[in-house]
Amino acid sequence: MPPRRAQAPGAPLLPVLALLPLLLGAGPQSGCLASPVSAAPLPAPGPCASQPCRNGGVCTPRSVTDQEHPAADAEPRYSCTCPAGVSGTYCQFVADPCASNPCHHGNCSSSSSSSSDSYLCICNDGYEGLNCEQPLPSIPTSGWTESTAPRQLQPVPATQEPDIILPRSQATVTLPTWQPKTGQKVVEMKWDQVEVVPDVACGNASSNNSAGGRLVSFEVPQNTSVKIRQDANSLLILLWKVTATGFQQCSLIDGRSVTPLQAPGGLVLLEEMLALGPNHFIGFVNDSVAKSIVALRLTLVVKASNCVPGDSHSNDLECSGKGKCATKPSEATFSCTCQDQYIGTFCEEFDACQRKPCQNEASCIDANEKQDGSNFTCLCLPGYTGELCQSKIDYCVLDPCRNGATCVSSLSGFTCQCLEGYFGSACEEKVDPCMSSPCQNNGTCYVDGVHFTCSCSPGFTGPTCAQLVDFCALSPCAHGMCRSVGTSYKCLCDPGYHGLYCEEEYNECLSAPCLNAATCRDLINGYECVCLAEYKGTHCELYKDPCANISCLNGGTCDSEGLNGTCICAPGFTGEECDIDINECDSNPCHHAGTCLDQPNGYTCHCPHGWVGANCEIHLQWKSGHMAESLTNMPRHSLYIIIGALCVAFILMLIILIVGICRISRIEYQGSSRPAYEEFYNCRSIDSEFSNAIASIRHARFGKKSRPAMYDVTPIAYEDYSPDDKPLVTLIKTKDL
């Protein structure tokens, strides 16, 4: 007979078996069903009785020697031998999910899900369940009603998706009942409050997708069955276990139907149906698969449990019955949250010290008596006593102090305050003031009642002769510092003094250190030379140069006649250091409204129009009216002769003047008229203010400079003006040429 898939609802019996009663509520609450009470005590099961090895692993109890090993309390009392492809302490890690042959009556096929332990069992006829471990029950022969829904949806596409065939519903059909096993752990999940996600668009019925539904996530410990509790309004549902992708997409592709067990008030998903990690389920109310209405989307997250010891029996309580086995979404395992006053990994120890019964900062030590013990011991700090260290010890109650001493009790004991003349921890001994030899440095001790007196040796003083006599207290050194030396002293004299008491002063002038008839004046630890006026230096050894400290500026020289130096200034400067420039313009040397420009050792006059000379004293006269009258009365032919003669004479004079000047004269220039001098010196026509230029002309004789030309030049005659209103030279005569 050919095999079939465990989740395919194609067989007419599967919809009946898949109808599940479910209460649609939320908020998981956990609880445990009580184990059946045996009539007689059962023998303690072995470490492998609970079948701890998964995925076909073989459990082997450890030997007694291994169990007595110091680390045995932290390790299981058994070992698992895992088949090929499976690893882990409990054979919980499956590299190939089909390597352990999880399908009892069918073939295993690895799922395309991203989870490494996902597989799909294709069951043989007559079996179903997650691992094809459940035989199909017999089919009832009566009580069936015809469904009003269509017989089948659209044709199944070639994607190997399971067919969704509407079942015939039978109200009286019941699921297999649940019979609790001894020691079986069950968590009850109620559906009073759930997160409703209405109308989630996941697809349509033709692609075997569904939409909407209640979205619930619940966490359970490993090896624990889940009881889904229902209320009066719940309906039987069809439950499918799907992959993570199918769960997100509300798709039944790669899913399989599961058959929970009917229990009083709900449905039970056995622990064999749940693998470590998330387990995703999609449930439908009655025949809602045909209508694509999801009634429930459930995620059961199975986590490893650390709530019972590894060597515990199947009927051992989680967290020793003194705590709650709980987890958080951020945690990977279930662990114990102990009740008040219980501690330990499994809440196995009653902590009698948790409430801090010991007083006065005493240390509490809990007696290791497991859960039934409530004994503890208080270790009191010094000074306290009592079962809870609540009382302070009075060490003076027995009056330990003698001879009238006062007893003072403290946390560390008692102290006796002795009367004068007694000593000891209890003031039991009489004081001998000289017994301890209080007098030092060979001093003699004398008893004086309860006191003593010391007679000191020479050189020592003080109540116990411990101090040297301070010989320097009377300041015996006149000009020095006193230093105690043993039983005497020594004077360290200041510079310039000597003697036993530093009372004598040295006279440094006895060596005649001053030169050149200087006077020596004795000082303390030194001398001073008073020099004559012309000498200086520490010993008056240097002759004074009066010009050494005088600085004459602007070319001035120092005259060192006598004891004083005097600056002889260059022309144009004055002052003690020749630092004052004489302003020659103060005397107004420029005539006829000429402008004076002060210069070092001189001045320059800028003359107005019609005046020339060093001081603008030469007047240039132009007689145009007289010449015009003479020319008018003169005959025309004579006029032409005169004009021609004058032109020839002018040209000859000009040639002679230029040649003479170019041969023998060098013209220097200064101030703002330098361009005019340069043109005249280079034998070019004059094109500048000649009146200002002529005032500064100098001449040279045979290449040597002479005095200013204004002292040698004769008056100048002008005959005509140029078009730009500047005169033309006709004759310049000089002396001594």
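Quick reminder: no glycine exception, Cβ is built from N, Cα and C everywhere.
From Ser87, Ser412, Ser551, Ser685, the position flagged in Swiss-Prot as phosphoserine is Ser685. When you check Swiss-Prot, the disulphide partner of Cys338 from the set Cys325, Cys347 turns out to be Cys347. Note on Asn204, Asn208, Asn223: Swiss-Prot annotates N-linked glycosylation site at Asn204; no matching annotation appears for the rest, which is not proof of its absence.
The recorded disulfide partner of Cys558, taken from Swiss-Prot and restricted to Cys547, Cys569, is Cys547. Beyond the ends of the domain 'EGF-like 8' (505-541), by six or more residues, the same chain brings 479, 494-498, 563 to within a C-beta distance below 8 angstroms of the stretch. Other Cβ atoms within 10 Å of the Cβ of Cys418 (disulfide bond), summed over all protein chains shown, number 20. Using a 10 Å Cα-Cα cut-off from Cys103 (disulfide bond), the disulfide-bonded residues that qualify among Cys132, Cys396, Cys427, Cys439, Cys493, Cys514 are Cys132. Taking CA atoms as the reference points, Cys578 (disulfide bond) and Cys407 (disulfide bond) are 103 Å apart. The shortest Cα-Cα distance between Cys48 (disulfide bond) and any of the disulfide-bonded residues Cys378, Cys389, Cys396 is the one to Cys378.
On a Cα basis, Cys358 (disulfide bond) lies 6 Å away from Cys389 (disulfide bond). Long-range Cβ neighbours of Cys378 (disulfide bond) (same chain, at least 6 residues apart, Cβ-Cβ under 8 Å): Pro357, Cys358, Gln359, Ala362, Ser363, Cys364, Ile365, Glu387, Leu388, Cys389.
Within its own chain, Cys454 (disulfide bond) has Pro438, Cys439, Gly443, Thr444, Cys445, Tyr446, Gly462, Pro463, Thr464, Cys465 as residues 6 or more apart in sequence whose C-beta sits under 8 angstroms from its own.
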